[in-house]
């Protein structure tokens, strides 16, 4: 690899590393969306919820202002109860799963996120193997794996977004308002860094193009 490309590749890999960390944080945490029910001002407490790809958490929050129209914010202290989605843990019994979650959406988002982690592992393996003996050609499959991982994260984000909209629009749920939380933001940032980083890495790892019209790639001088 040429001396001019090496710093660009290192900077790109650093951005991809940040994207990998953000993707892992998004997948394992459960703050993708926060759901708020309609308030009953006759009660002193309300129950809000936040969920991720694998589980949902409810929190019973004390209402401090009778003029509040929503329950929360979720950061207020309260009694918290977290459980995995029923389709991931059949032994769990929780009415909130049956009532408020879209099973097909939830399974799809989690499965696509697992595919993303698989692409990340394969891309990282190729990237690590390219360094000891300067096997620069391994950076090309690594870049594609990272780009595919970013696309999978994007699809998982979109599936989750559609799931939240369906839960809010459904007449069979108690939720009337929602907002996306920091896990969702991590997933969006991971998509940008992995996808664009993968494309940039592919561009930087390609062999030097011929400089003259009559020169072919095979005739070009090898890079040192």
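Using the three backbone atoms N, Cα and C, a Cβ is placed for every residue, glycine included.
From a predicted model like this one, the values you see are computed outputs, not experimental measurements.
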### Query
Of the ranges 89-106, 143-160, which one does TrEMBL list as transmembrane segment?
143-160
### Message
Let me spell it out: take the transmembrane segment (107-131), skip the flanking residues so only those 6+ beyond its ends count, and list any with a Cβ under 8 Å from a Cβ in it.
### Response
13, 16, 20, 23-24, 26-27, 53-54, 87-88, 137-139, 141-146, 148-150, 152-153, 155-156, 159-160, 163, 194, 198
### Query
List, by number or range, the same-chain residues at least 6 past the transmembrane segment (143-160) whose CB is under 8 A from its CB atoms?
16, 19, 23, 26, 32-33, 53, 105, 108-110, 112-113, 115-117, 119-120, 122-123, 126, 184, 187-188, 190-202, 205
### Positions on the same chain near the transmembrane segment (12-34), where near means CB under 8 A and six or more residues out
48-57, 72-74, 82, 113, 116-117, 120, 123-124, 127, 146, 149-150, 153, 160, 164, 178-184, 186-187, 189-194, 196-198, 200-201, 204
